[in-house]
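Student: Straight from Swiss-Prot, here's the annotation block:
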BINDING   HIS177, ASP179, HIS234  Fe cation binding site
DOMAIN    152-253  domain 'Fe2OG dioxygenase'
Amino acid sequence: MENFPIINLEKLNGSERADTMEMIKDACENWGFFELVNHGIPHEVMDTVEKMTKGHYKKCMEQRFKELVASKGLEAVQAEVTDLDWESTFFLRHLPVSNICEVPDLDDQYREVMRDFAKRLEKLAEELLDLLCENLGLEKGYLKKIFYGTKGPNFGSKVSNYPPCPKPDLIKGLRAHTDAGGIILLFQDDKVTGLQLLKDGQWIDVPPMRLSIVVNLGDQLEVITNGKYKSVMHRVITQTDGTRMSLASFYNPGSDAVIFPAPTLVEKEAEESKAIYPKFVFDDYMKLYAGLKFQAKEPRFEAMIKAMETVKSDPVATA
């Protein structure tokens, strides 16, 4: 089995830059995931984020989760549960407008810590998009520009805890799916495992590594790269011991951003393939995704192509 790709970003600044860029390229083409070390976010910042996130769960969310489990009788299930996930979550929106001040039960220090962490993640996400541009032969800033729309990108964090589960064989922490958006940066627990990705028909553990950032590609990057890079199915399995922390931050296109395969990539591959992905407004894709998240991505792409063809054939729409 191949080793999960681990990228040392510091090596971009020295003689190993070319090799490091090749590792990123291979990870994007063959894994859809990679793990970053020496990514530039200070360790003390991440330590504080982890400590405060785990403290917030214990103080504000753990008892609520236990009550939810009891109300649904989940500890006594005898068959696989397919309609919910064993996770305790809340969401923070950073861009285009932050909602951190509006989220209940966060103390002021935690709000400030998460606001600072989000700014650092935003910067890292944009740096990574430019590295992808470089590997793809696109002009610097191309992906950021496509994501921008008229109001800027959407950027938010899903803060999750996965408590111990008495029936890990029957209940997933998070059911298998691909991510709808752009590029996702994950700060995960380094002691309790759970995240897996699907590669060559096998579920592979994403190794927990202290103070690393796991990166994965969403559906929009698959479309823009005309399939050169792929979004990959992944899931979270539950454990009988330990609570797993997960902070997934999604750097996505703006709601009105128009997403389509990059013309230069379609031209480069014209002899082998044509543009096989639709052109659509990101918000339209998200509306479709909302009801089909835990299904294969291909029917979503096909539905967007059909919607596009319907618009083209509508004489009113084309007048």
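Placement of Cβ uses the backbone N, Cα and C atoms for every residue, glycine included.
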Student: Tally the residues of the domain 'Fe2OG dioxygenase' (152-253) by DSSP class, grouping H, G and I as helix, E and B as strand, and everything else as coil.
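Tutor: Breakdown, helix to coil: 6 helix, 48 strand, 48 coil.
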Student: Taking each of the binding-site residues HIS177, HIS234 in turn and counting other Cβ atoms within 10 Å of its Cβ, which one has the fewest?
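Tutor: Ranked by other Cβ atoms within 10 Å, the binding-site residues HIS177, HIS234 bottom out at HIS177.
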Student: Any idea what the model's mean pLDDT is for the domain 'Fe2OG dioxygenase' (152-253)?
Tutor: 97
Student: Relative to the mean position of the Cβ atoms of HIS177, ASP179, HIS234, the recorded Fe cation site, which additional same-chain residues have Cβ within 8 Å?
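Tutor: Not counting the recorded site residues, we get ALA176, THR178, ASN216, SER231, VAL232, MET233, ARG235.
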Student: Among all protein chains shown, how many Cβ atoms are found within 10 Å of the Cβ of ASP179 (Fe cation binding site), not counting that one?
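Tutor: I count 24 other Cβ atoms within 10 Å of it.
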